[in-house]
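Visitor: Feature list, courtesy of TrEMBL:
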BINDING   H76, D87, H187  Zn(2+) 1 binding site
BINDING   D87, E122, H379  Zn(2+) 2 binding site
BINDING   R212, N272, R285  allantoate binding site
DOMAIN    212-309  domain 'Peptidase M20 dimerisation'
Amino acid sequence: MQAFQDDFRTLAQFGLQADGGVSRLAFSKADQQARSWLIQRMHQLGLQVQLDAAGNLRGRLVGDQPHLPAIATGSHLDSVPNGGHYDGVIGVLAGLEVVRRLRRNGQHLARPVEVINFAAEESSRFGIATLGSKAITGKLTASELEQIHDEQGNSYASLLRQAGGQPEQLQHQRLNRRQLAAFIELHIEQGPVLEQQGCALGLVSAIAAASRFRVRLTGRNDHSGTTPMPLRRDALAAAAEMVLAVEQLARDIQAETVATVGRLSCSPGVMNVVPGSADFCIDLRDSDASRKERLTGQLQSQLQAIARRREIALHIDLLSNEQPVVLDSQLRQRIAAIARRHGQETLSLVSGAGHDAMQLADVVPTALLFVPSCHGISHNSTEQTALADIAQGVDLLYASVVELAQDTGTI
Ligand SMILES: [Zn+2]
């Protein structure tokens with residue numbers, strides 16, 4: 001893992017912050033430095049480098065049968081502001097390490113192997129996550145890339161052109177099964193489950209998706225001294241009861257369901273006035289689409305009951321409703337079997353966060369491999385994963401790529 005560690009230390013310099021974290025927003029100067037470095041590294045490893053029409057950097061190791069669909073691996077090098085050094089990075093560097101080992105071992109492969117750095121995975125700059133993987137898998141058009149802007153008004157397409165890309169070629173470059181046979185992403189868990197279970201490797205069965213709601217409550221502003229308790233229509237007290245109902249609803253499901261109220265405000269926001277209006281947002285996530293649907297219904301009827309009892313007017317707006325992604329179970333079982341053969345244990349788990357893998361999953365059989373995050377911390381400058389755990393992930397990734405790239409049948 002010496003070369004991996006050297007690469008890790010080099011990359012960490014691009015966008016390094018005073019607090020030790022990293023700010024490498026998509027297509028920022030720091031991200032461009034990281035991308036230039038990656039192109040150079042890919043060339044050094046003998047990969048054919050391509051900047052695709054969505055902005056992703058792809059390095060291809062040609063196999064004995066170059067026309068066969070490739071086995072791809074990778075993740076992202078961009079970060080959130082003041083983020084950690086492991087999120088995304090280890091997946092790209094693991095891909096380089098796999099190529100290095102293939103070369104060192106003189107390993108012959110039938111299929112090509114591709115290492116991908118997906119562009120703009122984090123939503124921090126453009127407000128949309130997994131932009132590069134979303135676009136190259138056909139979920140965005142070239143003209144939509146012109147319409148996606150950062151806060152300064154720069155379009156994604158214009159930044160991509162400045163980086164040497166050709167967004168107008170997007171429709172001709174959509175990923176399909178003639179180019180890729182499978183995709184495996186290695187990523188940090190960004191949660192506490194693996195550490196808690198004492199397991200170094202996780203295999204993701206499904207990626208949860210969020211439904212988001214905005215709830216607006218209208219009661220009546222009243223004098224806090226003269227209005228007796230039974231006569232109040234306190235919107236904030238109603239909101240408080242609803243927040244607890246949201247929490248209880250998710251707690252009662254014995255699954256990975258999570259529900260969060262992360263923002264709440266009330267007005268007039270004065271100490272001696274009973275608050276007449278309140279406004280909050282709910283983020284409900286589940287890996288099971290039908291359960292999420294059912295919970296949404298329960299949530300609405302519970303909030304309605306609270307509002308009715310308290311004589312509060314209630315408006316619920318659905319802000320977004322994303323669909324959970326179930327990953328290919330055959331590929332997952334195959335990788336679990338490869339792990340067992342190498343004496344490694346894997347834990348099946350659900351991902352609460354989105355990843356590039358979820359965009360690839362409807363195009364090719366896709367696997368998402370997790371290594372533990374210390375204390376479950378991520379999107380934070382103190383984010384960390386033990387080198388020994390990363391090494392386990394790289395070992396399994398390598399063994400999986402070798403097996404799949406030698407398999408010329410349908411994966
Ligand atoms: Zn990530």
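Think of each number as a place in line: the chain as shown, counted from 1.
For all residues, glycine too, the Cβ spot is worked out from N, Cα and C.
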Visitor: With a radius of 8 angstroms around the mean position of the C-beta atoms of D87, E122, H379, what other residues of the same chain does the Zn(2+) 2 site pick up?
Guide: S79, V80, G83, G84, G88, E121, S124, Q190, S378
Visitor: If the Zn(2+) 1 site is taken as the center of the Cβ atoms of H76, D87, H187, which further residues of that chain fall within 8 Å of it by their Cβ?
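Guide: Apart from the listed residues, the neighbours are S75, Y86, G88, V89, I90, G91, E121, I188, H355, D356.
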Visitor: Does H76 (Zn(2+) 1 binding site) have same-chain partners at least 6 apart in sequence with Cβ under 8 Å from its own Cβ, and which are they?
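Guide: Counting only residues 6 or more apart in sequence, the Cβ neighbours of H76 (Zn(2+) 1 binding site) under 8 Å are G88, G91, V92, N117, F118, A119, A120, E121, E122, G132, D356.
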Visitor: What counts of helix, strand and coil residues does DSSP assign across the domain 'Peptidase M20 dimerisation' (212-309)?
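Guide: Secondary-structure breakdown of the domain 'Peptidase M20 dimerisation' (212-309): 42 helix, 31 strand, 25 coil.
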Visitor: List the binding-site residues D87, R212, R285, H379 whose Cβ sits under 6 Å from any atom of ligand 1, in sequence order.
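Guide: D87, in sequence order.
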Visitor: Within a 10 Å radius around the Cβ, which one of these binding-site residues has the most neighbouring Cβ atoms: H187, R212, H379?
Guide: H187
Visitor: From the binding-site residues D87, H187, H379, pick the residue whose C-alpha lies nearest to the C-alpha of R212 (allantoate binding site).
Guide: H379
Visitor: Using a 10 Å radius around each Cβ and all protein chains in view, which of these binding-site residues has the most neighbours: D87, E122?
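Guide: When each Cβ's neighbours within 10 Å are tallied, D87 leads.
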Visitor: Neighbour count, 10 Å Cβ-Cβ cut-off, for N272 (allantoate binding site): what number do you get?
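Guide: The answer is 7 other Cβ atoms.
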Visitor: Rounded to a whole number, how many Å is the Cα of R285 (allantoate binding site) away from the Cα of H379 (Zn(2+) 2 binding site)?
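Guide: Given the Cα positions, R285 (allantoate binding site) is 19 Å from H379 (Zn(2+) 2 binding site).
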